Each structure stands twice: as C-alpha cells, then as structure tokens.
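Participant: As annotated in TrEMBL:
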type: REPEAT; residues: 88-120; note: repeat 'ANK'
type: TRANSMEM; residues: 319-340; note: transmembrane segment
type: DOMAIN; residues: 324-573; note: domain 'Ion transport'
type: TRANSMEM; residues: 355-374; note: transmembrane segment
type: TRANSMEM; residues: 386-412; note: transmembrane segment
type: TRANSMEM; residues: 418-437; note: transmembrane segment
type: TRANSMEM; residues: 458-480; note: transmembrane segment
type: TRANSMEM; residues: 538-561; note: transmembrane segment
Amino acid sequence: MRDKVFKAVSQGDAVGLNGLLHYLQDNKKRLTSSEFTDETNGKTALLKALLNLKNGKNDTVDVLLDIAEQTGDLESLINASYTDDFYKGQTALHVAIERRSLDHVKLLVQKGADVQAKANGKFFQPKAKHGFYFGELPLSLAVCTNQPDIVSFLMEEGEADVTDQDSHGNTVLHILVVLADNTEENTEMFAVMYDRILILHHKLRRQTEDQLEEIKNNQDLTPLKLAAKLGKIGLFKHMLHREFMDEETRPLSRKFTEWVYGPVHSSLYDISSIDTNEKNSVLEIIIFGSKTPNRCEMLQIEPLRSLLEDKWSTFASKLFLINFLLYLMYLIIFTTVAVYRKDGQPPFPPEVPLDYLRCVGEIISVLGAVKFLYQSVRKNRPDFKAIFTDGFIDILFSLQALLLLISTVMYLSGLREYVGLLVLSLALAWMNVLYYSRGSKQLGMYFVMMQKMILGDLLRFLCVYGVFLFGFSAAIVALIDDPPSTQKNMTNASLDEDPLKAEELSYHDMRFTTLELFKFTIGMGDLQFTDHVQFKEVFYILLICYIVLTYILLLNMLIALMGNTVERISTQSENIWNLQRAFTILDIERSLPRCLRNKLHSRLQI
C-alpha cells in the first residue's frame with residue numbers, strides 16, 4: 001500500500017489516492033504509521049509529495065492534509081521529519097521553503113506546522129563536504145535562499161522566533177554572515193535581508209527588550225564579531241555604516257550623520273563591542289586574529305581607522321617613543337657590557353669598582369632578555385602564513401633573549417664559548433631596533449617589504465642555493481687527490497708554517513671547500529688549488545656549472561624576484577604597516593593599568 005501511495009504522490013495523481021481514507025479508517029491506521037513511512041529515513045507521503053512539485057504544485061498535498069485532518073493525524077504528519085543521520089530533522093515546511101513554494105508554506109503554517117523545527121542532520125552541518133548549512137530553522141532557510149516574501153510571512157503570520165538559535169548557537173543573522181562571500185551581488189542581497197530582519201523584529205517585538213544583534217553563538221560571537229572573525233568585509237562594512245532615517249527604525253542605526261556640507265560630513269558611530277573596553281572586542285578579533293582574512297582592509301573601515309588613529313595620537317605614540325628610548329638605553333648598556341667583557345676563564349668575580357658596574361650592566365642585560373622572552377610568549381602566536389605581519393619581529397626578540405640567556409648559563413658554568421652566543425644576541429638586538437620603524441610610515445613600509453622578501457624570495461633562494469653549494473662541494477672534495485696521511489699532517493699543521501700548502505690541502509675538508517665555493521658565488525673565488533685535482537677537466541666542468549647556476553642564474557633570479565616583489569606588495573605594504581601599528585597600539589594599551597585604560601578609551605566624533 002505504501003508503494004502505491006508514494007507512487008501517486010510523486011506523480012501528483014490525486015485520483016490515485018481514492019479509497020485511502022476508507023482504508024485508514026477501516027484499519028485504524030494513520031499516514032504517520034510505519035506502514036506509510038520509509039523505514040530507512042522516516043520519509044512520509046507528505047514529504048514525498050512536496051519533493052515532487054511541478055510548477056510549484058502537487059494536487060496530492062491538499063488530499064493528504066485532508067485525510068490526516070479526518071484521521072486526527074494532521075499535526076503529526078505536518079511536523080514529521082526525516083529520522084536518518086543525513087537529513088535528520090527536516091520537515092515538510094523545510095521542503096516547501098526549499099522548493100520556493102509560498103502557497104504551500106502558508107498552507108502548512110495555517111495547518112499547524114512548527115516554524116521552529118530544526119533540521120540538524122549531517123547534511124545541514126557547516127563542515128558537511130557536500131551539504132548545505134543554513135542554520136537548521138525554516139526562517140534561516142528562507143533567508144539564505146533569498147525569499148523575502150516567505151521571511152515576512154514567517155515572522156508576521158507564523159510568528160517565527162528570530163532570536164532562536166541552532167545547535168551552534170547561531171541566529172539567522174549569524175547565518176547571513178557565515179554564508180556571505182564578499183562578492184558585490186551576494187553582499188548586497190544579504191545586506192538587504194539583514195536590514196529587513198532587523199526592521200521586522202523591531203516592529204514586531206517593540207515591547208520586548210530582545211537585542212537581536214547582541215545574541216552570541218557558541219563561540220561567544222555576535223553577528224558583528226563573527227563578520228570580523230570570518231573577514232566578511234562587505235557585510236561587516238554594511239553593519240558599521242547602517243543608518244536608518246525614519247524615526248521608528250533610527251535606533252537600529254550604528255551611524256548617525258550630524259551634518260553634510262558638500263563632500264564634507266560629520267557622523268557619529270556606535271562603537272559598542274568595537275573598542276577594547278569590552279572583552280573580545282572587534283578590534284582585538286581583527287588585529288590579533290592571525291587567521292582572519294581581509295583584516296588589513298577591515299582596519300581601514302570607519303570607525304575602526306579613526307579609532308586607532310585616536311588611540312595613537314592620544315597615548316600610544318608617546319608611550320611608543322618612551323619604549324624606543326628605553327630600548328636604546330638598554331642597547332647601549334648591553335653593547336658596553338659585551339665590548340668591555342673580560343678575557344679568560346669565566347665567571348669573573350668583581351675585584352675593582354668598575355667590575356661592580358659591569359655586573360650591574362650584565363644583570364640589566366639579562367633582565368631585559370627575560371622581559372622580551374616573557375612578552376613574546378604571552379602574545380597570541382600567529383600561524384606561518386601571517387608570520388611576516390604578526391610574528392617576524394617577535395621571533396627575532398625571542399631568539400635574541402634565548403641566545404643571551406643560554407650565554408649567561410654557559411658563562412656561569414665556566415664555558416668560554418659563551419662569547420659566541422653573546423655576540424649573536426648583540427647583533428640581533430641591534431637588528432630589532434627596526435621594530436620601532438612602525439612609528440614612521442615610510443620606514444615601517446620599507447621594513448614590511450624587507451620582511452616579505454626575507455621570508456619569501458630570499459628563503460626560497462637559500463634553499464635552492466644550499467642544495468647546489470653542498471652538492472658541488474661534495475663533488476670537488478671527492479675529486480681532490482689528497483692522501484690520508486697528508487690530510488692528517490695538514491690537520492696538525494700551522495698556517496703560519498706553510499700557508500700555501502695548508503690552503504691547498506684544505507680543499508679535502510668539506511667546510512673549507514664550501515667556503516671557497518661561496519666566494520665564487522660572490523665573485524671572489526681563487527683558482528690556485530688545481531694542482532691536487534685528479535681530473536682537471538672534470539673539475540673545470542663542475543666549477544663552470546656551479547658558477548653558471550649560482551653566480552649567473554640564481555643571483556640574477558633573486559634580484560629579479562625581489563624587484564617584482566617590491567612592485568607587487570607596494571600597494572599592500574601600507575595596509576600591512578597599519579596592521580602592525582595597530583598591533584602595537586593594542587599591545588601598549590594592554591600593558592597599561594586597567595584604571596588608566598578606562599580613562600583613555602575613545603569617544604569618537606568622525
């Protein structure tokens with residue numbers, strides 16, 4: 001009997017359902033009985049009928065609803081849902097909306113369809129590979145498929161609760177943010193729908209205190225914060241610049257234009273949830289979220305741009321200058337300690353008054369290293385893709401601190417090799433002065449280009465060059481005719497006794513050969529070592545190939561790539577510099593006492 005019913009509804013054959021009512025009444029059965037549902041997924045005849053609409057119609061739908069009403073099974077049939085894991089929770093109302101049939105949506109709602117039913121099967125989850133995530137609720141489905149008539153009907157006539165959340169805590173506004181793709185057409189469509197829902201909710205729920213945009217999902221994010229986190233710049237900009245002119249909906253605005261004079265205007269912005277006086281603010285999400293796309297561009301949107309400029313001019317620039325001067329003082333002390341260190345076996349106990357001064361300088365240097373390491377550890381670590389915008393300078397500061405701390409341990413352990421790590425740390429310390437180039441736009445943009453080239457073109461060049469250098473060095477070492485006994489004598493010989501012989505025989509040593517080949521790369525190679533070559537023709541072939549591949553090919557490719565990189569990122573470097581400066585502003589703000597931070601928070605008029 002089920003196959004006959006399913007066949008009739010799939011073909012839209014209402015005549016084929018003649019006698020079904022009498023059969024159900026005689027056998028005391030219903031359309032939701034197991035005999036009339038698909039045992040594999042729970043599909044009912046009504047779901048089957050709605051899945052087979054032709055030109056938006058299927059005459060069997062009305063017949064099925066009449067039969068269910070007469071058998072006392074109307075509500076159960078309308079709200080029956082799929083039971084399998086894939087489509088679990090999908091009801092007839094979901095199907096009618098998906099089929100874009102307003103008439104059937106109205107019919108189902110009038111007959112008692114649950115407008116808050118949730119389709120939460122695997123097909124409807126965000127991470128479903130071949131699924132469609134729309135927020136589980138019928139209203140969310142209508143919104144995502146751009147059916148404003150159905151949206152209005154569900155909210156006005158169906159009294160759908162727009163504040164209801166799906167299993168991920170997302171409301172319909174969250175869903176719009178998730179599905180936005182930053183294209184112009186998509187952004188315009190979703191922005192109109194976003195405003196429509198806000199306005200309808202405001203008009204229908206004016207007596208309640210529900211703040212639709214303040215509802216947070218399971219990630220503790222409001223729609224605005226979610227847009228910031230996902231980098232949905234089009235919808236994000238629309239939210240910040242939303243302005244309604246009529247009195248009834250004006251409270252929904254986030255932008256309020258005070259006056260306009262030609263191209264000049266003055267506006268007030270609502271910066272609630274944007275400024276850092278609130279936990280997990282929009283600014284923090286964008287600036288510290290290394291995986292957030294479009295964050296450089298989002299920081300240029302008002303009021304974020306002016307808010308950061310206000311923070312910079314109010315307090316950050318002054319504190320940044322003080323930090324720079326303190327770091328210079330630290331560098332002078334560190335450099336003095338390193339240059340005027342004592343020779344001999346460490347550690348060196350103080351013996352004269354100047355030694356006590358040296359000890360104080362050493363303690364300051366070590367404490368500074370501890371501070372730098374602590375600051376680097378407590379910051380949010382960026383991923384590798386965003387390292388040149390967020391983490392490059394932090395890595396250098398961390399390396400500087402670690403080298404100095406390890407050198408200190410070696411010094412206290414009586415190891416003279418501490419000097420090597422000490423001077424490396426000193427060199428990095430001076431390199432890190434470039435961090436303070438963020439205070440200047442031109443220097444900051446220049447340093448951005450340097451970071452990009454070091455982590456991009458130069459790193460790739462070094463990888464390829466390292467392979468060539470090691471490979472040709474190994475080949476030349478194997479080609480040198482250097483008996484083991486001679487090599488042994490060479491190891492113990494002094495360069496002062498016979499420098500030429502030492503130089504010639506040193507080509508059997510891999511390290512020395514690598515160094516000499518590197519000289520060829522920069523045009524400083526020396527050919528005075530061919531006497532001990534076993535096969536000179538092969539040696540010359542190797543040398544010519546090496547010079548062509550490295551000195552001629554790789555170096556010129558590096559220069560060309562660097563030039564191309566400068567042209568390519570010149571337009572991006574300013575945005576990246578703005579992001580780095582914003583990171584510095586918030587980092588400085590975080591270091592301030594809470595009472596002082598509260599006084600410094602901006603109240604902008606733009």
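Cβ atoms are placed via backbone N, Cα and C, with glycine included.
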Participant: With pairs 6 or more apart in sequence, are the transmembrane segment (418-437) and the transmembrane segment (319-340) linked by at least 3 Cβ pairs under 8 Å?
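Facilitator: Yes, the transmembrane segment (418-437) contacts the transmembrane segment (319-340).
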Participant: Tell me, what is the mean pLDDT of the repeat 'ANK' (88-120)?
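Facilitator: Computed over the repeat 'ANK' (88-120), the mean pLDDT is 92 on the 0 to 100 scale.
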Participant: What does the DSSP secondary structure composition of the repeat 'ANK' (88-120) look like, as residue counts for helix, strand and coil?
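Facilitator: Tallied per class, the repeat 'ANK' (88-120) gives 16 helix, 0 strand, 17 coil.
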